[in-house]
Each structure stands twice: as structure tokens, then as C-alpha cells.
Amino acid sequence: MLIDQFGRKINYLRISVTQRCNFRCLYCMPKIPFDYQPKENLLSFEELFLFVKAAMDEGIEKIRITGGEPLLRKDLSIFIKMISDYKSDIDLAITTNGFLLKDFAKDLKNAGLKRLNISLDTLDHKKAKTLAQKDVLDSVLSGIDEALNLDLKVKLNTVALKNLNDDELISLLEFAKSKKAQIRFIEFMENTHAYGKLQGLKRDEIIQILSQKYQIQLIKKDEKAPVSIYKADDYEFGIIDPHSHEFCDSCNRIRLSAEGLLIPCLYFDEALSIKEAVRKGDIKAAVEILQEVLRNKPEKNKWSVVDNETSSRAFYQTGG
């Protein structure tokens, strides 16, 4: 079991397998990323798996594969199969923008993937092009349908933004309901490349908009995550509300970047590298680094909108 210095059980590992993305979403990535790592700096899937296997043995129970856009990493399904073959009951998921999902969903399911989160911020082609900086909506919708047709469990992630998609929240909820998928509205989280450029909606503002048509009722608050589950009449949806609800006291996660940085907190600059250890095959050293990262995990994150504080590390480097 992995326990940090504040008594929190750490059982959730988020792995960014690539910094690259085929979108340039306004809230995440600059038009021309300046800090992509060369391929030789990235851990191979075999090297990543050496650490992941040890982390599961130590107590990791949940793994999420992120990016950048994880489907841009060649042979991702092989990595998924490595993990699911080693521990078939691991809670294993992917977060994707869905653009390439129609082509890869079947391989991912065959490799052992059971669920995924797909970003969907708008149902309007013009807005989608504005947000992603390219024409993406038809491909994303096709990816959603393909995943659902394969009986993969799908959740839709929507970043709620003022003057961009605030007039679509009801239609997005109804779209998700029609697909029998849960939608989660996400409060915009300020980060290095988007600070001051966008304004997000807070939880109460999201509820106020949805209440124009539906009776909204809180039914579940997960203290292990920044998500609250609500009902709009008979449909359940989520709101991820890091602005409105601080969940640091029960944080259960750490992050691993594609180049091997083990990161204790999304909004914390300090990180330790496992690259040298795994490339030497030194699992004991990698586990010692894991334990040190837990000792370094802060009680609270450094995120402060008031003081204009965010981590200097961009979200596409750590998986958000």
C-alpha cells in the first residue's frame, strides 16, 4: 500500500504517453508547442511497463492513459495489453479527444480496455474549429459512436467556457443522454498556456444554466475525486469542480510523464525521474523514487487564481 506523509492512500496513476496532440485547444496547448521531447527522450512502452508493474505491486489500483493525445502514440494497444494481461482487474482507462478513435477503438478493446473518457466541448462545427484550431467534430462524433457500438463504457468531458459553449450545456447534456453516456462538465483550470485567455464557468453557474430546463439534484459527492454526481430529472451527470471544491485532503493520485518524470501534483513543479532506473532495469531504485515522490507530495497544490500561480509545466506534458 502506498501512503503519503499526510496519510492519504495513493492508488491512482495517470500516465502521459506523449506530449503531442493533433488539436490545439485554446485551454490546453499553444499553436506551436516549443518543448516537445525528442523520441529518444521518451520511455518505451517496455520501460514504462517495468515501472507500472512495480507500481501495481506496490498498491496502484487505477491507471489512466493520457497525453497530449494518447492515440498518437504508436502501438498504444500493445501497452494496454501489457497492463491488462498482468492485472486483469486493474481499473484501466484512456482520456482521448476522440479524433482517431474510430480507427483504434476495436484494437483498444481487444487489448483489454473497458472504458474511456472523450472530450466533447461543443456540437457546433464552427465552435469546434475555433476551440481545436481545426475541423474535428465529425471525426470526434464518429469515434464516440464507434466506442459505444463496441460496448466500451464512455464518459464525455466538457470544459464549460463563458462565451464559447455556455449556450450549449443543455444540448450537450441531452446529446450524452441520447447516447446513454455520462457527461461531466469541468470547471476550466488555469494553466501555463491558457492563463488569462479564457474564462470558465463555475459549478453553480453550470447548475443555474441546466436548471433553466431541468430539476437538478445532487445525489453523490465523491470525496476521492473532484467530481459531484447530479440528476437532471432521470439522467445522471457529473461536475468536476476543482475551483468550487478543493479535494487535496483526499487526493489519491500521482502522474508519470512520457519522458519518465514522476509528478506528485498537477500544480507542483517538483518531479523526480525514473528514466535512468528503468533503463537499467533497476526496479528497486524505481520504487525508491516512487516512495520519495510520495514523501514530496504536497498537502495542498500551489494553484492560486488570486495570486496568478500555476505550475510552469503545461497540461499537455502531464495529462491534465
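Heads up, the Cβ atoms here are built off N, Cα and C, so glycines get one too.
Its Cβ placed at the centre, Arg255 (GTP binding site) has 25 other Cβ atoms within 10 Å. Per Swiss-Prot, GTP binding site is recorded for Arg14, Arg64, Thr95, Lys155, Arg253, Ile254, Arg255, and the stated evidence type is sequence analysis.
Per Swiss-Prot, [4Fe-4S] cluster 1 binding site is recorded for Cys21, Cys25, Cys28, and the stated evidence type is sequence analysis. Other C-beta atoms found within 10 angstroms of the C-beta of Cys21 ([4Fe-4S] cluster 1 binding site) number 20, with every protein chain shown included.
Sequence annotations record features per position, and here Swiss-Prot assigns S-adenosyl-L-methionine binding site to Tyr27, Gly68, Ser119, Met189 based on sequence analysis. Reduced to three states, the DSSP call for Gly68 (S-adenosyl-L-methionine binding site) is coil.
For Cys265 ([4Fe-4S] cluster 2 binding site), the Cβ neighbour count at a 10 Å cut-off comes to 24, with all displayed protein chains included. Positions annotated as [4Fe-4S] cluster 2 binding site by Swiss-Prot, on the basis of sequence analysis: Cys248, Cys251, Cys265.
Per Swiss-Prot, the feature domain 'Radical SAM core' maps to 5-225; the stated evidence is sequence analysis.
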Considering only the binding-site residues Cys21, Met189, Cys265, which fall within 10 Å of Arg255 (GTP binding site) when distances are taken between Cα atoms?
Cys265
Span of the GTP site, taken as the largest CA to CA distance across Arg14, Arg64, Thr95, Lys155, Arg253, Ile254, Arg255 (Å, rounded to a whole number)
22
Least buried by Cβ count (within 10 Å) of the binding-site residues Arg14, Arg64, Lys155, Arg253:
Lys155
Here are the binding-site residues: Cys248, Cys251, Ile254. Which has the lowest count of other Cβ atoms within 10 Å?
Cys248
Using DSSP and collapsing to three states, where does Arg14 (GTP binding site) fall: helix, strand or coil?
strand
Not counting Cys248, Cys251, Cys265, residues with a CB within 8 A of the CB centroid of the [4Fe-4S] cluster 2 site are Phe247, Arg253, Pro264, Leu266, Lys297, Pro298, Glu299, Lys300, Asn301
